[in-house]
Amino acid sequence: MALVSMRELLDHAAVNGYGIPAFNVNNLEQVQAVMTAADEVGAPVILQASAGARKYAGEPFIKHLIQAATEQWPHIPLVMHQDHGQSPAVCQGAINLGFSSVMMDGSLLEDGKTPADFAYNVDVTRRVVEMAHLAGVSVEGELGCLGNLETGEAGEEDGIGAVGKLDHSQMLTDPEEAAQFVKATGLDALAIAIGTSHGAYKFSRKPTGDILAISRVKEIHARIPNTHLVMHGSSSVPQELLAMINQYGGQMKQTYGVPVEEIQEAIKFGVRKINIDTDIRLAMTAACRKFLFENPDKFDAREWLKPAREAAKQLCKQRYLEFGCEGQAPKIKGETLQVVAARYAKGELAQVVR
Ligand SMILES: O=C(CO)COP(=O)(O)O
Ligand SMILES: O=C[C@H](O)COP(=O)(O)O
Ligand SMILES: [Zn+2]
Ligand SMILES: [Zn+2]
């Protein structure tokens, strides 16, 4: 199957009440891990590449790694999504490269650090929607800045994130603004800020409602019922992976992620895409450290990449099962992007705002 539109997958997830993890990928082993996990459980796939991934691997490698996955697993509906595009020009570049979905992150200015105002965000996102939908490509936007509600720190850890202190109004997406934003842009999916942040250091304790505002999801969803909500910074940071990393020579500090049961609750109220990068990093690092510690004589990279890839696969499989993706892939039609473009043109995919 050729690459499919993210809108098609998320529409299917909405009708059938499940969520799809969007995994960040940077190299061969991560692509293989996600795809084999999806194949084992019959899950649809969103592979996303950040600017950091494109810098690390190079654009031709990212493009061809993901296209290779469509050849190896032709029966799996697969979206190639650009994560955190910082400008319309970056999004246009991704569309030209063959991405079937793009994120225009206009919550921050082009530097990826300075919080932007609402008018700027609307303007850049609307421009991306106009060009992307002509090609049947889906658009995710973001309203509100990801950040830690305990400290007010936006916490730039992965190259994308506001710098310095933010107030709570900047770190929690406002339902009324979300409604205005969707009306003005017509985008397909909206990343919301509810207290999650990128990277491993999200919460100093297991989060409760005051620092992870899942209740916001319900309020936002009520206003924009067919715009798919996206949770960034949604790694769960499994304690056993932290312990394993530290057991085999690592020095990670105590930290907590987003509990899977909170994500499951959010899925009931309109969250359809759940971004996960850090958990794959932790799983691969833990497995790799363990293998090299136990086999100090080994030096073939394939030998330590194999357990790392296997650990990433297990993590991905677990999330597919927990978010309800099992057996959904064969039920997805896999429309061509041309068909989806025609549906946008006819107004069939217009957003509802209440
Ligand atoms: O949101 C993300 C990518 O856009 C990744 O979040 P994590 O750092 O929690 O995995
Ligand atoms: O959005 C953040 C992702 O975790 C990507 O991280 P990265 O910029 O290090 O590739
Ligand atoms: Zn952002
Ligand atoms: Zn993100």
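Backbone N, Cα and C atoms are what each Cβ position is placed from, and that goes for glycine too.
Automated prediction, rather than curation, is the source of TrEMBL annotations.
Cross-referencing Gly186, Gly199, Gly324 with the dihydroxyacetone phosphate binding residues that TrEMBL gives (Gly233, Ser234, Ser235, Asn275, Ile276, Asp277, Thr278) picks out Gly199. Listed by TrEMBL as binding Zn(2+) 1 are His84, His198; the candidate from His12, His133, His232 that the record includes in that site is His232. A separation of roughly 9 Å, to the nearest angstrom, links the Cα atoms of His198 (Zn(2+) 1 binding site) and Asp277 (dihydroxyacetone phosphate binding site). A Cα-Cα distance of 15 Å separates His84 (Zn(2+) 1 binding site) from Thr278 (dihydroxyacetone phosphate binding site). Taking CA atoms as the reference points, Ile276 (dihydroxyacetone phosphate binding site) and Asp83 (active site, proton donor) are 11 Å apart.
The DSSP secondary structure for Ser234 (dihydroxyacetone phosphate binding site) is coil.
Taking the Cα of Thr278 (dihydroxyacetone phosphate binding site) as the reference point, the closest of the recorded positions Asp83, Asp105, Glu142, His232 is His232. For Asp83 (active site, proton donor), the same-chain residues lying six or more positions away in sequence with a CB closer than 8 A to its CB are Ala22, Asn24, Gln48, Ala49, Ser50, Ala51, Ala53, Met103, Asn275.
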